[in-house]
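According to TrEMBL, the protein has these features:
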- 1-25: region 'Disordered' (REGION)
- 10-21: compositional bias 'Polar residues' (COMPBIAS)
- 55-77: transmembrane segment (TRANSMEM)
- 83-104: transmembrane segment (TRANSMEM)
- 221-239: transmembrane segment (TRANSMEM)
- 228-306: domain 'Potassium channel' (DOMAIN)
- 259-276: transmembrane segment (TRANSMEM)
- 283-307: transmembrane segment (TRANSMEM)
Amino acid sequence: MHTQPDQERLNTQANQPTEPIQNKAPFFDLDSSGDSLEDGRVTNLYYQRFRMMDLSFFVFNFIGTGLTVITLELIHYDELPEARLVILWVIFISNLILMGLAVIRNQVKLKWRESKGDVYSGFTKEHVELLMEIIIITASPLPFLDDISFYFTNDFVDGDVYYYANELLCLTLAFRVIFFIRTTLLNSYWHSNRTDRVCSLYASQADYMFTIKSLMRNQPFTVNYSAMILLIFVFGYCLRICESPLNRIDISSNDFSSYANSMWCVIVTSTTLGYGDYYTRTLLGRIVMSVVCILGNFVVSSMIVIITNESYLTTLENKVVILIDRLSLKKQMQQEAAMIITIFGRMHYAKRHLDLSEDEFTDMSKKMKKYAIQLKLTTRKYVAARALGSQLEEINSGFNSLKENLKQTTQLQEELIKANENLIYKIDNK
């Protein structure tokens with residue numbers, strides 16, 4: 001039965017106007033934002049949009065890169081000026097589309113990051129990356145610069161030598177390779193929306209460096225060989241461009257007009273061999289080879305480290321090797337013991353029937369002594385291998401016991417926490 005104050009309070013609550021229920025945002029409303037927890041399906045949908053934009057960027061970047069390589073060949077051999085001009089206009093239009101895709105890609109990426117709860121304000125790292133992308137895309141061969149050349153002097157040849165303006169702009173393709181690498185990493189197993197969520201749980205950042213580290217851990221040889229092949233092709237291409245002014249005048253020595261010779265020079269330099277059969281004679285060529293020296297040392301050193309690490313046995317492989325050694329030594333002991341018994345039996349039989357001469361008997365005695373010494377050494381090796389296996393088993397059992405103790409300690413800690421919570425609850429209810 002309600003008391004008078006309780007009845008008055010109930011009447012007051014009943015007479016209060018109810019607030020209208022606001023429409024909640026639908027589950028797939030990608031424009032809704034808030035401070036709620038991350039919705040995996042929403043963030044994954046944003047991530048798929050980001051990947052699609054990156055693939056579109058990849059396609060137009062591939063078209064522009066291929067046309068730029070064709071343009072370079074036409075400039076190098078000074079052929080088909082009309083066709084070259086048409087290709088330059090196509091490159092110009094594709095670069096405009098590529099810059100638009102870069103802007104849209106950056107906006108979609110920011111939307112994806114905002115759906116995960118990240119807040120962006122002002123000039124961020126993403127805006128810096130977008131600015132660098134636009135600069136790299138802009139620095140491409142242009143139809144307006146088709147007839148412009150830059151002259152300079154060189155100590156190795158007489159007279160002035162020159163670069164075509166579009167020839168120098170073709171060097172930016174070395175930076176465009178970064179876009180291809182970025183798309184490859186973005187579509188790998190180690191770079192996804194799920195990976196980003198898992199990294200956030202462990203206070204890590206699922207960036208491109210994390211993807212490279214993961215690939216180096218799981219596929220070290222593939223990553224290293226790919227880096228070496230990329231180094232040879234990209235810098236061989238750049239070296240051919242840098243040395244082209246001298247090749248137009250004199251190709252009797254250091255003929256870098258051949259792409260094979262340029263790649264050979266990069267291989268020899270990156271592996272620190274330095275035969276000296278081909279060497280650079282221009283300032284740009286020397287700058288390129290300086291970069292090749294640094295990156296080549298890094299790649300070769302990484303390969304040495306990878307081979308060294310891969311040569312080590314894992315714990316389970318070490319157990320297998322020890323077990324196989326023990327089985328091999330046991331079989332060898334049986335064979336040596338059988339030889340000793342066989343020789344002893346023949347000597348005993350020959351001694352009773354006088355079938356052997358004194359020299360033959362001495363030879364058989366020496367042979368039996370030899371097998372006895374070998375059996376003794378093999379037995380020692382077997383005992384040592386068995387002891388090593390026992391030590392590994394003891395270490396593993398020690399680790400297992402520590403793991404069990406840690407598990408018991410964790411359970412005891414959870415029980416203590418529950419007991420404290422129950423005690424606090426009882427104290428609050430008194």
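Yeah, the Cβs are placed from backbone N, Cα and C, and that goes for glycine too.
What TrEMBL says about a protein is an automatic prediction, not a curated fact.
Only sequence-distant pairs (6 or more apart) were considered; of these, at least three Cβ pairs between the transmembrane segment (83-104) and the transmembrane segment (55-77) are under 8 A, so the stretches are in contact. Tertiary proximity for the transmembrane segment (55-77) is limited to same-chain residues at least six positions away from its ends with a CB under 8 Å from its CB atoms, namely 83-84, 87-88, 90-91, 94-95, 97-98, 101-102, 105, 137, 140-141, 164, 166-167, 170, 173, 176, 179-180, 183, 187, 237, 241, 244, 257. Residues 228, 231-233, 235-237, 239-240, 243, 289, 292-293, 295-297, 299-300 of the same chain sit 6 or more residues outside the transmembrane segment (259-276) yet have a Cβ under 8 Å from a Cβ within it.
In the domain 'Potassium channel' (228-306), helix, strand and coil residues by DSSP number 55 helix, 0 strand, 24 coil. Mean pLDDT, taken over the domain 'Potassium channel' (228-306), works out to 86 on the 0 to 100 scale.
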